[in-house]
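Structure record follows, encoded as structure tokens.
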Amino acid sequence: MELPCDGAGICMVCKNKPPSEETLTCKTCVTPWHATCLVSPPQALSETLQWECPDCSMTHQPSTSALTSGRSEDAGDLIASIRKIEDDKSLTEKEKAKKRQELLSGAAAGPSSLDGEEKKEKNDVLDILDKELTCSFCMQMLDRPVTTPCGHNFCLKCFQRWIGQGKRTCAYCRVQIPPKIASQPRINSTLVIAIRMARMSRSSNGGGAAKVYHFVHNQNRPDKAYTTERAKKAGKANACSGKIFVTVPPDHFGPIPAENDPERNMGVLVGEIWEDRLACRQWGAHLPHVAGIAGQSTYGSQSVALSGGYIDDEDHGEWFLYTGSGGRDLSGNKRTNKDQSFDQKFEKMNEALRVSCLKGYPVRVVRSHKEKRSSYAPETGVRYDGVYRIEKCWRKNGIQGFKVCRYLFVRCDNEPAPWTTDVQGDRPRPLPVIKELKNAIDITERKGSPSWDYEDEKSSWMWKKPPPASKKRVADSVDPEDGKVIRIIKRQKTNVSVREKLLKEFSCQICRKVMVHPITTPCAHNFCKACLEGAFAGQSLTRQRGQGRRALRVQKNVMKCPSCPIDIADFLQNPQVNRELMGVIESLQQQAEQEKLDNNPEECSEESDGVTEQRDVASDDQIAEEPLDESQNAQKQKKETDGDDIMDPPSNVETMSPGKEQGI
């Protein structure tokens, strides 16, 4: 696939910013390209002065990729037509601009694009998503999609680049973007799962071995931790953690495989979400239910939790900067204290992280919804995001003025991250440039080869050195000799198509059915428009504080999202339908119905005959009724309209408007 560099100068193929000596500029469209990523780069220096990109070159042969082969000929014809308009001296500049505009608008919906679509497979789900779910900036399929309150979808990096330029309006419809979403956008996990499932279906249809990725549905979620009678307060202060479901020791390094999961025989899956840290502890992903680091100073660290405890943390998804523990006064009965009062040192849990850095051990990472500054944190609960490796650690002066221990975590898991639409897992990536290392002290960097590394022959991350021997016994909550307790749940192979699986993923979180007029809230949850409005029917946006006494200032009502505690009252004033998502759902439903008609034509004909018979019977009954006079007809119509008014619920927009509530 040959793609140019984006607006920031980053190559869209290798995802790196090429130096100036490796950048080629097309003489026709003045678009920068990365020379090393081209199929046929210019061989001589003189050819670079008159070089044309693959999109503008008339003699360029299409590549083997589906994207280039489908569009290269169209791009060549378009460039030739534009050049013909430019060479026409009988036209003025205004007429040339008008003809160029007509040509571009016609090429976008011309017969050439339809011919390309006819060459593709009719039953390819990825084509539907590629047509509907496209970013308006990079014109590619959405990567880490972000949905604005006006119902438009963009890539996370494209959206952040747009906001970084000082823009505070939607790039598609120019509607004002709320400051909270502009500063902290949320990834739409429903679109992530849908795009990844479509890509998996494309790879499986291509004949190659499809990457197996598990999606955790409600029936596969773990049991909740039980609560004692004393645990009345929120947060489960006196809650019991419940039994441990996995058969790994507490000091186990790396992922938890399926053989250590006798309950489901699936292991701890990347993207699995628990209600709280106590439920996360039951599956061994992160054992401490309060501390953010699990490990031993002489042995290493097994897992960490990102929960927004330190303001110095930086989360970039595939890599993040983590702040160590300590430096706060917790003497007496102080359970929490966010003010740092002394320097952190490489001791205890901080030393455990440094040992894992030197040895190259994999560290499990869980993210909590309490990390409000990260776009990669879950909307609710605690989520397992795979294993990372600590590449460097150092100390520096923190934001609060005291020295803190810092760690560079880089993701190295065989499963894709929950926020990306990629089908494959991680690959070795270059380390990011950390500016704070210039003023850092006590820098520690691994000298030898890591214990957990990437194997090129097997194309997977694995133990290159034997993992450290466990020093603790396995939890005895599961008896390995009891055959009734240990059961292996095998996933049954069904004939359900990819479209039907996708339609199940596009389900409303209130009615649990396929969404009708889908709406995406600012907290990245998806609902039917009628379901969301019905959940707040009868509630007004404001209320009077006087309660019969003297009138006080009007107070705003808090309307929490049905799936999380975030207030969406401002969003409910004018909720916008996600048109792109609605188009995908309608296309999938039409193809699913067409597939049923093709597979079972006899059953569909019988159903249609039954419907025809019912209509005939209904028409006969209608004819058999006695004719009514005009007064009786008017009275009957009035009763029917009155009945409809009683049965139909009032619109939420009218119900929540403060003007009608207060009689203004």
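Note: Cβ is positioned from N, Cα and C throughout, glycine not excepted.
Unlike curated entries, TrEMBL annotations are predicted automatically.
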Students should find that the region 'Disordered' stretch in TrEMBL, chosen from 50-73, 98-121, 434-457, is 98-121
For the domain 'RING-type' (135-174), the distant same-chain contacts (Cβ-Cβ under 8 Å, at least six residues beyond its ends) come to 6-8, 12, 129, 181-183, 185-188, 191-192, 195, 317, 375, 419-421, 519-520, 522, 524, 571, 575-581
Across the domain 'YDG' (263-411), DSSP yields 17 helix, 54 strand, 78 coil
Taking DSSP helix as H, G and I and strand as E and B, the domain 'RING-type' (135-174) has 9 helix, 8 strand, 23 coil
